[in-house]
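Novice: Sharing a structure, written as structure tokens. Questions coming.
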């Protein structure tokens, strides 16, 4: 029968009628507790099975007598006892050898069992298994007793048509006609393979169609082409790959369904849907289909590709049972080579080394032979390092070692004669690729020869003969080894080993398991437990997955995302976020959907005061002239933006307002037909729909801006161009209906008449505002909540929002499933808790704040859970992380409703305000939902609850009982609104060094269950800003370095040009950027802003913007220090940077910021702190403010000079000397007046500056204590080596 059909009534009892001999076990406690007493509900004998108390690996095995379809199992404890099994592992096998573990949906291997001796616990298999033997392996059992087990198995008979291919054979299915052309195909089969390569199915036609199904490197590849390859390129060919590790000697199911171009390709439980390329939709195959290989035409027994070696069963092609026809020797089937109809089973016993620290297998060394000694084995692993063999050897009276290990993915053989003397050879590349590899060692005479797979042999030359001492150690060394008989320079091997031969004698691993041979620790026998953790890639946003035996890792390089699964965007959601972070105008990458599927967009952020415009440009910004177009053959102009339509849609949806300027210049070119109003020209919106309005936000009005404003050149028309004049006219308007923006095409159809011409200009898309950043609601009843449809968050969940409250506790968000749940809440006045349950029990993360969080101020919360870890962050407090168990449940199964501000039970509701609520990149419109929800109102009262820019340059708005104040702690600026520059003058040799706080305890101990890392965990981002004034060159402006010899430096070269050095990899050359070639050591104040986002570096010097790309992307690891001025430490710097560092800096620094660190403010407020080191003489200065003042004065002087020049030119036209004298007198008087005005201006400015400084000092007193307390907290935390702030 086809493999996809499973009877609904396949639930009969399979074990109850079995004879006693069908039940076997690893051991039994007594005859009354033997395996044959283990039938469900049986009370005779000892009431069930129990193993010996000394049994290290107990198991109970059931032989079903034949292969059956198993759909469920049930367990029970031992009757009349305190013995039961609470969790167990289920293995299955066709032969009683080469076992495979049954896995639940989430690749969880443990099954819940019993909690008492007599209740029955049923487990329905998520996917039925076809097998003869089942093995129950207890993992946990009764805490008050021992292992006790009774079992039942449910299912039905399974009918199978099997064919065995020996690697040199195949079956050919020949058609009745010359060729077979199909638009629909269904192919199904099951296979069991002995090797990682081999063709399962192949068919091809003379015009180039083909289909091939093959194993390649243990993966299943489907090659499909429906186009004529004689006339088309190879671009129409498709290759789709599924699965991994398919040479595991176990059955795998395949189903291929094709209808025209649509294909469903299924392997086991996983389906890939795809469409074929090209124009063809039928598969034309000539003569025959081959199964098991691709025979060479005209040469029977000769094959093009490697043949399949293994078994196939239930092979159907479009309803035809191929194996049944072959077995009955029907003429449609031609057999090549030796194909048999029963599956031969190789008796390959493997052992799994489970632990990278304590697994080992010790075997006695056999008696020496004249030829020397030899060791051979096969292994497979994902780990790049591990010991395969350690053999103590004797040469005379000296002890030596022969060590075979995997190091950095290569195989190394070392002959060690002493601690300092050794000989070594290596072979292979990436032997940790998960595939089986064969290695052999042969000691013959004075040579040791190593052979890996089919590679050329490697040789070590000896000076004396060697003999094995007494033992060979495989995989590792015993932990309690007191003598020197085993040497392991690396970690223990984690992986599978089979076919061990010592002196050409095979090692019986089952005898080892039974204790008859050698010794072992942390091994599983007759089972290879390797898993491909990258098979179903949990790494997001196109990141690359790599793995070890027990875990996987995601490489986020170049993706624009960070985190354990590359889930978090490293970019802000909008230009508004960059403004609030203190950025100035420039090019930025924004990610409107955050962690959602869309890639970031590069835009220009035009930041002017409190107004921010996001500008997205296109490829056709210049004016375009159009002639000779008609409605029948119109001119079409396309606009390609620097973002996809989906990205633009996300940006427009996020923005409060969007607009695009469009100008249509015309000369005898109309927009509308004057007789019937038919559009003669139009534009196309982002959805591809035709639009005929040319300004404003009223899409239903077929008019231009002049018609809306009633100022057209001819009031008989609604557009200037419709007057059809021979002179140039124009209709210019601003399109502002968001749902239609941006303009994708413009179509011109009336430039065919004599003298007819048009010219158009379409500006960039411009958007302002972030309508969700300040989307806020107020909860004023504890029983109220907002209810939303839940999102799909099975594998990745992130939720972020701002809150402010005076309540001591309350639930922010909750989603409940049957057993799973997720919840974020204010659990106490100073603690936020993130809790969830994926199926492994509740997990709780808590961030505790040193100050109350119910202070009526805005606080930010972000919680994330993915398959690797969960984390919680509150404000700038250290991030809390907990790692998920490597083999735990993966999918978070939640209900259909999400509750914000409360719970479904209406208990522990939140009282206060929530804004900017976002989950998995989706912004929730809280205000809209609040309009129809009792107990919740839109908006939030308070000065700090709007988008108005009250505090600038990273300043934080703090509500007061009467007004507000700005906390400038994290800003490089000061003053009431964080707008006044903080400046310091540096004399020769002076420097300021800020010491970063890194979690050294975390670095040194990564095995902690809960980790604490700094809040800025995305270290592929830098944001640096500084102003400086100097006449010195070369000079060191700023350098940031790490403990891993990385650095970034900003220097002035000998010629005064600005240079930016990035050294992100100590073994590669640094990247050097020179944005300004002219000298900046000119005594003027210059402003520099540098932002790095991955490999992109955006540099702004004064008013010039440039973008650079780094050679490689790397994170700053283990931040060490930031230095302004002279560098005196032993940091590793390039020569030119070191020379600038030795010269230091003489001049003035102002408003220096690195991410959230303001080193000048730290130096001013925390002299004597261990976080800030000051060398030389520094003075508080006001060079930044004076530079602004001098700029305004120079502009005033320039205006006066221009006025004088104008007057002078006018005087040249008057020859009268009296007039000249009068003018000179007037000029002198004017100059005196200007000087008086300037003097008073300077006096008033100085008085205002003094007053502002006094106000700032009074304002800072209230913040200074908190700032100093924060630094004292830094010091105390540094001493305790726990959590840190930066």
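Residue numbering: from 1, along the chain as shown.
Here the Cβ of each residue, glycine as well, is placed from N, Cα and C on the backbone.
Predicted automatically and left uncurated, TrEMBL annotations should be read as such.
Relevant sequence annotations retrieved from TrEMBL are reproduced here:
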type	residues	note
DISULFID	913-940	disulfide bond
DOMAIN	6-156	domain 'F5/8 type C'
DOMAIN	162-343	domain 'Laminin G'
DOMAIN	350-528	domain 'Laminin G'
DOMAIN	530-567	domain 'EGF-like'
DOMAIN	566-618	domain 'Fibrinogen C-terminal'
DOMAIN	775-940	domain 'Laminin G'
DOMAIN	941-979	domain 'EGF-like'
DOMAIN	999-1183	domain 'Laminin G'
TRANSMEM	1218-1243	transmembrane segment
Novice: Can you tell me which recorded stretch out of 6-156, 775-940, 999-1183 has the most Cβ pairs within less than 8 Å of the domain 'EGF-like' (530-567)?
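Specialist: Looking at each of 6-156, 775-940, 999-1183 in turn, the most contacts to the domain 'EGF-like' (530-567) are made by 775-940.
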Novice: Using all protein chains in view, find how many other C-beta atoms are within 10 Å of the C-beta of residue 940 (disulfide bond).
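Specialist: Residue 940 (disulfide bond): 22 neighbouring Cβ atoms within 10 Å.
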Novice: Just to be sure I understand, if DSSP states are collapsed into helix, strand and coil, how many residues of the domain 'Fibrinogen C-terminal' (566-618) fall in each?
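Specialist: Output for the domain 'Fibrinogen C-terminal' (566-618) reads 6 helix, 23 strand, 24 coil.
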Novice: When a 10 Å sphere is centred on the Cβ of residue 913 (disulfide bond), how many other Cβ atoms does it contain?
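Specialist: Here the count is 24.
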Novice: Ranking 162-343, 350-528, 999-1183 by the number of C-beta pairs under 8 Å to the domain 'F5/8 type C' (6-156), which range is first?
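Specialist: By Cβ pairs under 8 Å, 350-528 leads among 162-343, 350-528, 999-1183.
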